[in-house]
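The block underneath contains the structure these notes are about, expressed in structure tokens.
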Amino acid sequence: LQRSFPFHGLQISSFVNSSQTRTDCLAWLGELQTHSWSNDSDTIHFLKPWSQGTFNFQQWEQVQNELWVYRLSVTRDIHDFVKLLKLTYPIELQVFAGCEMHPGNTSESFFHVAYQGMHVLSFRGTLWETAPGTPPFVKLVVKELNLDHGTREMIQELLNNTCPQFVSGLIEAGRSELEKQVKPEAWLSSGPSPGPGRLLLVCRVSGFYPKPVQVMWMRGDQEQPHTRQGDFLPNADGTWYLRVTLDVAAGDAAGLSCRVKHSSLGGQDIYPVLG
């Protein structure tokens, strides 16, 4: 590996009442969405031709069965905790879990749970732990969860063994797409005036892959600290778009440039020209 690759799954579970629930899951390797799992399906859907990685059919079936058991146990546990703690529906639960592979074939895993949008607990090592500032009832939840040795062992196995093994194969199978390099195009313009005697300079960068990029307004060799970066937006072809602005006095615009650094450029930064 030349760089780290995080593999993370997002689970969203909605409990409307004691009989009406739904759980949907999505997974990403880096910035590429690789899997989805609808509440209405018993099977995980592949979003890439290489989404099975190097696992054979039997290995993948075993993982899918373990995750299916996990999904059922989460639903059961939530309903049990509602009764035990006298909680009220509706309940929203989010789980963010996975592992990150680093150069040297090392990995680290993570498993975080949010209740009603608030981070409440995490799985670390072999045990569940409360997050800082959580409601008092979460301590009781953690105590009960830590008594369930079977589920804890299953999560340890998934996080520490299955996930790194699967993700290593996923990276190998998807290497050509993961290592794809697409050069950015960049152009300058001016935006709506921020005020009397002011200019908003806009540097647009588009069509680049992978996502990490550095875009900075410059005066000579000096980075301009008031450079403001917008959100990364996806293009239809899987590349990215970014807008970076600088608010300056009209008389100070001369001599400013926009510098774009990206891995596809081989160290040759680009400086688009206003025009």
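Glycine too: its Cβ is placed from the backbone N, Cα and C atoms.
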Please identify which of Asp77, Asp221 is recorded by Swiss-Prot as part of the D-galactosylceramide site containing Asp148, His149, Gly150, Thr151.
Asp77
Between Cys163, Cys258, work out which one Swiss-Prot annotates as bonded to Cys203 by a disulfide.
Cys258
In Swiss-Prot's disulfide listing, Cys99 is paired with one of Cys25, Cys163. Which one?
Cys163
Excluding near sequence neighbours, so keeping only residues 6 or more apart in the same chain, what lies with its CB under 8 A of Cys258 (disulfide bond)?
Ala186, Leu188, Leu201, Cys203, Val215, Met216, Trp217, Met218, Val244, Tyr271, Pro272
Could you name the residues, excluding Asp77, Asp148, His149, Gly150, Thr151, of the same chain that surround the D-galactosylceramide site, i.e. Cβ within 8 Å of the Cβ centre of those residues, in sequence order?
Ser73, Leu145, Leu147, Arg152, Met154
What's the CA to CA span in angstrom from Asp148 (D-galactosylceramide binding site) over to Asn160 (N-linked glycosylation site)?
18
What is the one among the recorded positions Asn17, Asn39, Asn105, Thr151 whose Cβ has the most other Cβ atoms less than or equal to 10 Å away?
Thr151
Pick the one among the recorded positions Asp148, His149, Asn160, Cys163, Cys203 whose Cβ has the fewest other Cβ atoms within 10 Å in this structure.
His149
Determine, using Cα-Cα distances only, which of these binding-site residues is closest to Asn105 (N-linked glycosylation site): Asp77, His149, Thr151.
Thr151
